[in-house]
Amino acid sequence: MKFVLLFGVLLVTLFSYSSAEMLDDFDQADEDELLSLIEKEEARAKECTPRFYDCSHDRHSCCRSELFKDVCTCFYPEGGDNKEVCTCQQPKHLKYMEKATDKIKNLFG
């Protein structure tokens, strides 16, 4: 009986050790893959379009504000010209949320 118990403890110990090594190998592979993806993303990054500048060439290129990304908003200006104009703008509800978070940060921090 003691032999079976000793053999069981040894088997559980070996199994836990081997599974821990496999998990370490998987974690290392995931970290390497994540780092390579981040490097590719940084190399692929392009200049963003500042607020109130023309974004008609790329509607997803607007810069980020402190918390939220600006949105490319298109409209037709008054004056009879039928040409669409697109600029990067911050929606009002997001502007108010940023102001509120700034006030809260100033109050507590």
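Note: Cβ is positioned from N, Cα and C throughout, glycine not excepted.
Since we're looking at a predicted model, the values are computed, not measured.
Some features that Swiss-Prot has for this protein:
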| type | residues | note |
| --- | --- | --- |
| SIGNAL | 1-20 | signal peptide |
| DISULFID | CYS48-CYS63 | disulfide bond |
| DISULFID | CYS55-CYS72 | disulfide bond |
| DISULFID | CYS62-CYS88 | disulfide bond |
| DISULFID | CYS74-CYS86 | disulfide bond |
CYS48 (disulfide bond) as reference: those disulfide-bonded residues from CYS62, CYS72, CYS74, CYS86 with C-alpha within 10 Å of it: CYS62
DSSP-derived structure type at CYS86 (disulfide bond), helix or strand or else coil: strand
Rounded inter-Cα distance in Å - CYS72 (disulfide bond), CYS88 (disulfide bond): 4
Disulfide-bonded residues listed as CYS48, CYS74, least Cβ neighbours within 10 Å: CYS74
Listed disulfide-bonded residues (CYS55, CYS63, CYS72, CYS86), ranked by Cβ neighbours within 10 Å, top entry: CYS55
Those residues of the chain, 6+ apart, with a Cβ under 8 Å from that of CYS62 (disulfide bond): CYS48, THR49, ARG51, CYS55, LYS69, ASP70, VAL71, CYS72, CYS88
Distance [Cα-Cα, Å, rounded] between CYS74 (disulfide bond) and CYS63 (disulfide bond): 16
Cβ neighbours of CYS88 (disulfide bond) where a neighbour is any other Cβ within 10 Å: 21
Residue pair CYS86 (disulfide bond), CYS63 (disulfide bond) - Cα distance, angstrom, rounded: 14
